[in-house]
Amino acid sequence: MSELSPNVTGEAVASRDHRDALLDQIAPLRGSWVGLLLTGAVLLWLLYLASNFRPPTQPITLSDSNSGSAIRQLLFAGTGMLAVTRLFFSRSLGPVVIMHLPVLGILGLILGSVLWSAEATLTIKRGIIYAFGIITLLVMVHSTDHPARQMMRILVYFCTAAALLSLAFYVALPANITVNPARPGLAGISNHPNTLAPFLSIGLLLSFGMPPQSTMERWLILGSRGILALGLFLTFSVTTWTATLIGCGAYLFFSASNYRRGFLQICILTGIVLVSLIGVDTLKSAFFDATGRDESLSGRDELWNAVWIEAKKDILLGNGYGAFWTEGKGRELVQTWNPRQSHNTYLDILVDLGIIGLIAVLIVFPLRIFLSWTFVSGSPGSRQRNCSAAMLAVVISYMSIYAMSQSFFLRFDAFPFFAICWITLIFTNPDRNHLNYEFSQGN
């Protein structure tokens, strides 16, 4: 065995030297004015996701048309090309690809699905948008010494601004500008409460772990929480309310000390026992009665059944990324309305990329985040622990409750995936600006 030790040591040194060489090649991405330009482009991207660039005085209208698609493609392509250009001129493209093979493997699966896609043109178009999104976030993560703080500031303050404007318009402007005629609740700058609510919910959850840099910012964060919570309440989005409550519980659990976590575990166990005694069906009926919803989830059970029947036809590889939901597909499936998604993110991944794609997505995103927790969580009570717990809370709440009623995964035109993908890249960041460095003493 002793004869092997020098070889093993030599291989370890060579591996470390190779990794250091890759990190040295990525370093030029940081500290450039292009990073500021890209941040501005990301803010425009978020504004589009929140408002579809609807003018503040334009009433919300009911329409099945895919309005704004040209603007969306131009914005996403422009932002993505800016990121690609930055990678190319900094000579960092190769190292970034090597260091993020799992995430980029999903991109390869998406683009490769054109080979069996039922709608090759749609797959190519939507796959390119996905590529621009993932490349943009990769450059954002590597362009600063503090990627987690940068992400939190951008998302929390943007979501707060969206909430503040929505509330101001709600008070000052006619109801038809801030309330969707087909769905009560605050839509604000968005076209629908279910579009606005995730911004307010995710912004609120992230604000719990956002580290203030001054006393003034601490008060600013507290004010943001109040504005976000008020706006979220007025959306009357029960699904998002539930996801937020789950997220708050997850944040309390993962940010707590071992002693408090033990107490929370006892509370959770007690809750499970109570649910078992009362009965799931009884609680479900009481929940739907209290919220005024029907147990068919507004017809989603019928939709899920119809999509599942279609998914089983190509269960291994699916229909191709973005190829299933063609124009009028929803009305063809359920007749009574025209959905553009299955309202279940896992079902939509299955129908697009099959069981292989679903397993790959679960491994690359939530599984890798949970496996990274031990390495990036920091000590209880620290800023790093609070920050990591807030990000993990978003992932847990939106990949559990919210994902069962809304389809958003692998879609950069959906804010929840935009946020979760950014969080995944921060949690699994192999660069020198990883979470442990970011929150180490003096940083």
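Positions of Cβ are set from backbone N, Cα and C atoms, glycine also.
TrEMBL does not curate its annotations; it predicts them automatically.
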For the feature transmembrane segment as recorded in TrEMBL, pick the matching range from 383-401, 402-420. 383-401
In contact by Cβ distance (the transmembrane segment (383-401), the transmembrane segment (349-371); 3 or more pairs under 8 Å): yes
Do we see three or more Cβ pairs under 8 Å linking the transmembrane segment (33-50) and the transmembrane segment (96-118), pairs being at least 6 apart in sequence? no
